[in-house]
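Novice: Per TrEMBL, the features are:
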- 104-111, 184-188, 242-245: GTP binding site (BINDING)
- 449-467: compositional bias 'Gly residues' (COMPBIAS)
- 2-87: domain 'Signal recognition particle SRP54 helical bundle' (DOMAIN)
- 96-280: domain 'AAA+ ATPase' (DOMAIN)
- 97-290: domain 'SRP54-type proteins GTP-binding' (DOMAIN)
- 446-467: region 'Disordered' (REGION)
Amino acid sequence: MVLDDLGSSLRGTLDKLRGKSRISEEDVEEVVKEIQRSLLQADVDVSLVMELSDNIKQRALEEEPPSGTPARDFVLRIVYEELVDLIGDSTELPLEEQTIMLAGLQGSGKTTSAAKMAWWFSKKGLRPAVIQTDTFRPGAYDQAKQMAERAEVEFYGDPDNDDPVDIARKGLEATEDADVHIVDTAGRHALEDDLIDEIEEIERVVDPDVSLLVLDAAIGQGAKEQAQQFDESVGIGGVVITKLDGTAKGGGALTAVNETDSSIAFLGTGEEVQDIERFEPEGFISRLLGMGDLGSLVERVERAMEETQEEEEDWDPEDMLQGQFTLKDMKKQMDAMNRMGPLDQVMDMIPGFGGGGLKDQLPDDAMDVTQERMRSFEVIMDSMTDDEMENPRSVGQSQVERIARGSGQPEEKIRELLQQHKMMEQTLKQFQGGMDGDMQRMMKKMQQQGGGGGGMGGMGGGGGPFG
Ligand SMILES: Nc1nc2c(ncn2[C@@H]2O[C@H](COP(=O)(O)OP(=O)(O)OP(=O)(O)O)[C@@H](O)[C@H]2O)c(=O)[nH]1
């Protein structure tokens, strides 16, 4: 996302303030210019950018920094607070029975978001159901059904019925046992009258507790008009911004949220059902500014570890901590990391690793390669016997040949996996000693919950296990 640039360019400018205890008007001008440049480039509305930069300028010059606060930290805090203020709170979504309707243009990501949100609610212990009323786009029914299956949630749709209002009504009846009803609606290329009529009718039948507008992060200034029109017809209570994993600018969607006085409910960060995050303004801005977002990371880690534990009740992390780090342990860690989402996103959330940190020193495709390797390692592990998984050091050439045949992977890859395991085993101890306070607390949490410290720490290190 282009907004990411804000973090890196701003850090560069702010770094010039290092060592200074007072800031001049010139310094402030420079910081503000940098913010303006990044936000305008990211498609944030001009008047919004001006308002924000005026506030920052005024505060930085008029407020007295608390004694002992370096100028850089003082300005960074003001920028952070003003950005959080601009973005506003997260949409309130109580964890209780409710009906949510999704609206948005074609391709904005409604169907995907419906399944993701259902998955998210199911992880919070609720029983969600997705109701697909899109009779306009051929294929919408199958896509929604498949996504709901992947999310393991209830689904209702009817490919033989061409009346979306009727489907909505029947869908609510058919899924009455569910707690959270998520109603997906059809999109069009543009805001056409028939789309608006249709969604208004569905809204009357469904009577949602909240309607969320789904916006593609790539949308520019057009987002404003869309948001206003949908708001007028069905009342928008919150926004889901999708495709934040891409190169999208993001600023248009943020502007729309501000213009319609709504708030952000969720962020979509990929095509899989688990690629969704509840929007947390503080965490979001911290990440943007490269300050790390431990809150969000800990949530993902916890969720991932819970799932790993559910599947592998017999796995004892204590063994690993006592030095017996087997391939089974390694597989658990890879599974846990897969569940946390793409590695580069996880890294963004760790202070010091994300923007401006270690990650920036890696080549752009380093993370993809890493995930590709993890996938081939998984295939290889599936072809190994229990004994080989427990005692990887005993795997000899004839076994390597057999595993290569079984997994369809070159022998080289199998040796690479064994080598990687050895490295991880060695680094495990090292990383437990060398982490900062936040990381140590987090690792402890992982360990208590059935994970281990080695994998996460290892992932970040340049020469670490997954690096
Ligand atoms: N990379 C990425 N792709 C996404 C995300 N959300 C949705 N997509 C993709 O965007 C495309 C459109 O998403 P859909 O969910 O079909 O969009 P829709 O709004 O339901 O589309 P209509 O039914 O035609 O109105 C699909 O290929 C999705 O996989 C996201 O967060 N990241």
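Even glycines carry a Cβ here, placed using N, Cα and C.
Curation does not apply to TrEMBL; its annotations are automatic.
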Novice: What mean pLDDT score does the domain 'AAA+ ATPase' (96-280) have in the model?
Specialist: 90
Novice: For the domain 'Signal recognition particle SRP54 helical bundle' (2-87), what are the DSSP-based totals of helix, strand and coil residues?
Specialist: 63 helix, 0 strand, 23 coil
Novice: On a simple 10 Å Cβ count over all chains shown, which one of the binding-site residues Gly104, Gly107 is most densely packed?
Specialist: Gly104
Novice: Does Arg188 (GTP binding site) have same-chain partners at least 6 apart in sequence with Cβ under 8 Å from its own Cβ, and which are they?
Specialist: Leu105, Gln106, Phe136, Asp194, Leu195
Novice: Please work out the number of neighbouring Cβ atoms within 10 Å of the Cβ of Leu244 (GTP binding site), leaving out its own Cβ.
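Specialist: So the number of other Cβ atoms within 10 Å of Leu244 (GTP binding site) is 22.
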Novice: In sequence order, which same-chain residues at least six apart have a C-beta under 8 angstroms from Thr185 (GTP binding site)?
Specialist: Met101, Leu102, Ala103, Lys110, Thr133, Asp134, Pro164, Glu198, Ile199, Ile202
Novice: Among all the protein chains here, how many other CB atoms are within 10 A of the CB of Lys110 (GTP binding site)?
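Specialist: Other Cβ atoms within 10 Å of Lys110 (GTP binding site): 28.
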